[in-house]
Structure formats: C-alpha cells, structure tokens
Amino acid sequence: MPRQGKPYRVIISGGGTGGHIYPAVAIANQLREINPEAEILFVGAQGKMEMTRVPEAGYKIVGLWISGLQRRLTLDNLSFPLKVLRSVRASHKILREFKPDAVVGVGGYASGPLLYAATSRGIPALIQEQNSYAGITNKLLAKRVQKVCVAYPGMEAFFPADKIVLTGNPVRSDIMHLEGKREEALQHFGLSPEKQTILVIGGSLGARTINQSIAAQLQSIAEAGYQLIWQTGKVFYPQAQELEAKYKNQGVRALDFIKRMDLAYAAADVVISRAGALSISELCLAGKPAVLVPSPNVAEDHQTKNAMALVQQQAAILVRDAEAMEKLVPTALQLVNDEKEQQRLHQNILKMARPNAAADIVNELVKLIR
C-alpha cells in the first residue's frame, strides 16, 4: 500500500482492438492527472495493435505470447495451452519486477494471464467491461477481482452484483473537447467548409460490409455534393486509395487508420459506424448524428444490443449488416439532407454521454490501492 504522496504503481492489461486499447489509455491518462508521478506499465499480446498504439500514447508496454481460441481446429489452438502457461509464468515475472499496487484488466487476450497471476498473488485488481455482453476473459476473471466497472446497466447476468460499478466507457480526452475545432479539422483533411461531411468508421480493424457499401455508391455521395472521410482499415485501403484518386476533387478522403479522431468527429455532420462499445461512447460524447451498422461477427450479437440502447432512445439510426448494400448510403444521404432529424439525434445522443467515466474508474482503482 503506497504511503501518502507516493507515486502509484499500476499495470494495465488487455488489447487486441481499439475498443480495448483506447479505454485503457484513457484510464492511464486520468491516473496521471491525479498522480502525475504514477508509474504505469501496459501488458499486451505480442503482434497485436496495442504494441504500437500504447507507445504512441507515451506508455511502456510488454508483450505476452498469447492469442485467443479459434472456432475451428488450427495450429494456434493446439499451442493455446502452452501459450497460457508461458504467459502466466511471464506475468508472474513482470509482477515480481514491477511490484504494482494494483492491476487493471480491460479485456482481450493478455488480461487473462496477467490478472490471473496478479490475483493469485493477492494484488488488488479491477476489470473494465466495455460491452453490453461481457467478453469471455472478463467473465472468467470476475470472481477473482475486487471491482468490475461496466458501461451498461443489467450486467448482473455476467458479474457478481456486489462488485459492479456503472461508470460508462472511458474515451480519448480530446474527443470531449470538440468545440471550435471544425475549421482546423476541415483544413487537416483538406475539405471544404461549404459542404457537409460524412465520416465513415468501421472500427480500428475496418468493416468489410460498410466499405463495400460505400465503394459501390461512392458516385452517389459525390454527385450529391457531400464530402467523405473514410476510415477503411488496412485490408480494404488499397482499393479505397484507387477510389479516392478518382473522387479526390469531390472531397473523398480515404485513410486506413485515423489518428486524430477528435478532428474527424469535429469535421463530421453525420457518422456511419459499427456499434462497438468505444464507438458508441465516443459518438455520445461527440453528440454526432449516426447511422449504426452492427457487426454480425461478434459474441451474442452484442453490437446490435449496443446499438439498440441508442435506437430505443431515438438517439441513432440502425441499418442491419445484411441490408447495408441496399440501405446504408441512401439512409445516410437522407439524414444529411434532414437538418431537423440531425438536431433531434444530436440532442438525444448527448443525453447518453458519460463524460466522467475515466475519473470514476480511477476513483475505484484508488480505493483499492488505499
């Protein structure tokens, strides 16, 4: 237990996608806000995007040799037990050397071995669940940790009720301060202030159906006089680059990954997005009218559950993945043309924002340390 004024030592573990990584970084940043000398170490999975994104955010990260179980028989599955054993052993070594006051798990492959090792050593632990349907790692860890911070009510179906704290999802702090950034944002992307802008985000790894829908109807968007900021992910990016070259003069900007999401949101009048937990939380804070296309390739269809939480409050529009090729672009264009509907969605989605999520999670963490 740290003495008064002594810097906290905290390990944050998890990753695999931006939906795990960015909340983790937001928690770290908030911890530094209240304890500027805090020593923070991230533990991720070797070869996953956290190994580059976390250092870019200014934090040190160590990678474990770990991956998830595939649904079909693969060599990775055969090596899974060995990976778990090695990762637990490596986690014990990390814990011995770093000597954390507490550990935080944000879901994803690496958080399992690290938090298992930490709780077996009696180190205080907290997990943060971003989705409305809990991930398998967090479900397994819930009985071992002291606190479970969640973003949605009704999570007693997955976690012990006495451990749950409803905090919301922490997001990048710059997204909470978009006022006055529109001019800078349009300049950053080389866009015109005279036209409305559609932002397309398929998550940090891209979204095939959304990308195919945009590509098939890009001419309709350009002819309607609207601009497009299009985050494609790496796989679709080469094809999108060819389309960008064709429509660049009409204001089409394709990027495999957007680092300045604050500027992307500031430039956008309407957003097309998957319904991952991080995207939902960011849209609520940004107050952006959105057309959501939940991914069908997720556990228990949890993205549809995430999206419906907004749709039921008249705070977003839902287009199902199977109908996206036919309906997505027409639905988005109709929304861009309807300023009254944009304003209604803007007002309703803002009501669902939880701007203090990171502070609330860190408050729970500090209670564990003290």
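Sequential numbering from 1, following the chain as shown.
Using the three backbone atoms N, Cα and C, a Cβ is placed for every residue, glycine included.
There are 27 other Cβ atoms within 10 Å of the Cβ belonging to Gln303 (UDP-N-acetyl-alpha-D-glucosamine binding site). Annotation comment: TrEMBL describes Thr17, Gly18, Gly19, Asn131, Arg172, Ser204, Ile258, Gln303 as UDP-N-acetyl-alpha-D-glucosamine binding site.
Residues or ranges marked as domain 'Glycosyltransferase family 28 N-terminal' in TrEMBL: 10-149.
Positions annotated as domain 'Glycosyl transferase family 28 C-terminal' by TrEMBL: 197-353.
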Candidate with sparsest Cβ neighbourhood (10 Å radius) among Thr17, Asn131, the listed binding-site residues: Thr17
Secondary-structure category, per DSSP, in which Gly18 (UDP-N-acetyl-alpha-D-glucosamine binding site) falls: helix
Arg172 (UDP-N-acetyl-alpha-D-glucosamine binding site), number of other Cβ atoms within 10 Å: 20
Secondary structure at Asn131 (UDP-N-acetyl-alpha-D-glucosamine binding site), reduced by DSSP to three states: coil
PLDDT averaged over every residue in the domain 'Glycosyltransferase family 28 N-terminal' (10-149): 89
Cβ atoms near Gly19 (UDP-N-acetyl-alpha-D-glucosamine binding site) (within 10 Å, other residues, all chains): 25
Secondary structure of Ile258 (UDP-N-acetyl-alpha-D-glucosamine binding site) (DSSP, helix/strand/coil): coil
